[in-house]
Structure formats: structure tokens, C-alpha cells
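Q: This is the structure I have questions about; it appears just below.
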Ligand SMILES: C[S@@+](CC[C@H](N)C(=O)[O-])C[C@H]1O[C@@H](n2cnc3c(N)ncnc32)[C@H](O)[C@@H]1O
């Protein structure tokens, strides 16, 4: 399962979670997206249905700074084969409890768990001290998304969001 990182060097390198994945041998640096690209503005949601393509061609994360990553930035990648992640809360100290705004490491770990590679996802989370916080915050959702199709994930997300946003 190959993880790729496109680095923009916009954040403090000491806090950069993508650099940590590279340093620890879990990811490699590339210049262009390979396999499936994690892009929060994609209109397709990552699911178990993406497992085969990720196994064969890999998963790429765009390691930019959230402060510099507006819709225009992510739109530049709209021609890549990309996926958004369903509702999850960040567990990292910078964006703690913010929905959808995950660090690179959280985004990759969540993707791996969703496609059934839970052990590897948990291993990645163990690289940062707030990794278990991310898992605990999202445990029920991650269990509900685990090995599910896109349609099933969207149903879970919709039901959850209705409660979260105080809907009917
Ligand atoms: C904007 S960067 C911020 C990285 C941060 N500097 C770090 O050290 O981890 C996070 C990347 O993770 C992926 N990502 C995060 N949240 C996501 C989501 N909700 N859906 C899809 N991809 C997401 C995207 O590739 C995004 O560009």
C-alpha cells in the first residue's frame, strides 16, 4: 500500500505530519498525484470501493498549509482521480475538533481504516502523540464507515450530520 505526499513546505517542518510519515518510511514524496488523491472538495467520497485502486496505484495527500489552501488551490487538482473524506473531526492540536480539516497523517490513517487496512491506519496514528485522540473522537464514525460502500457512507454521514447540526 503506497502512500505519496506532494509537499508544499508551507508549515513548520517540525510539526508537519507528512514529513513524519516520510521520515518513518510510511510515505514517499512525489510531484504529481498517483492513484487516488485526497482532496476535500472532491464530489466523490472515499470508500471501501476504492480499496483495489489504492492497493494497486496508491494514495496521495496534498501537504499544504490549511491557511493557504482555499477552494481555488484544491480546484487545481479537480482533474485528478480524487476523493473527499466523510465527516470526521481533527484530533490534532492545531485544528482540534474541527470537522473535515484533518492533518495529512489523519487523512491518510482514516482512509486506510475505511478501506479495511485498520492495523496500518492505527500504526500511522501511533506516530503522533495525539493520534489516539483522533481515533477516540472518531471511533464510532470510523466503525460505521469501515469497509462500507460510498452509498452506505453517505447515508451514515447524512444521518450523523442531521444530529450534529441539530436537524430533524
Ligand atoms: C491541507 S494539508 C495540511 C497538512 C498539515 N500541514 C500537516 O502537517 O498535516 C492536509 C491534507 O490532507 C488531506 N485531507 C485533509 N482533510 C481531508 C478531507 N476532509 N478530505 C480529503 N482530504 C483531506 C488533503 O490532501 C489535504 O490537503
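Including glycine, each Cβ sits where the backbone N, Cα and C put it.
TrEMBL annotations: computationally assigned, not manually curated.
Since the structure is predicted, the reported quantities are computational estimates derived from the model, not experimental observations.
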Q: Considering the S-adenosyl-L-methionine binding residues 17, 85, 104 given in TrEMBL, which of 37, 62, 137, 154 is annotated for that site as well?
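A: Looking at 37, 62, 137, 154, the one TrEMBL places in the S-adenosyl-L-methionine site next to 17, 85, 104 is 62.
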Q: I'd like the Cβ neighbour count for residue 104 (S-adenosyl-L-methionine binding site), meaning other Cβ atoms within 10 Å of its Cβ, all protein chains included.
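A: So the number of other Cβ atoms within 10 Å of residue 104 (S-adenosyl-L-methionine binding site) is 24.
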Q: Same chain, not part of 17, 62, 85, 104: whose C-beta falls within 8 angstroms of the C-beta centre of the S-adenosyl-L-methionine site? Give them in sequence order.
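A: For the S-adenosyl-L-methionine site, the extra neighbours are 18, 38, 61, 63, 102, 103, 105, 106, 107, 108.
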Q: Helix, strand or coil by DSSP: which one applies to residue 62 (S-adenosyl-L-methionine binding site)?
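A: Assignment for residue 62 (S-adenosyl-L-methionine binding site) reads strand.
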Q: Express the predicted model's confidence over the domain 'RNase L inhibitor RLI-like possible metal-binding' (1-34) as a mean pLDDT, rounded to an integer.
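A: That region's mean pLDDT is 94.
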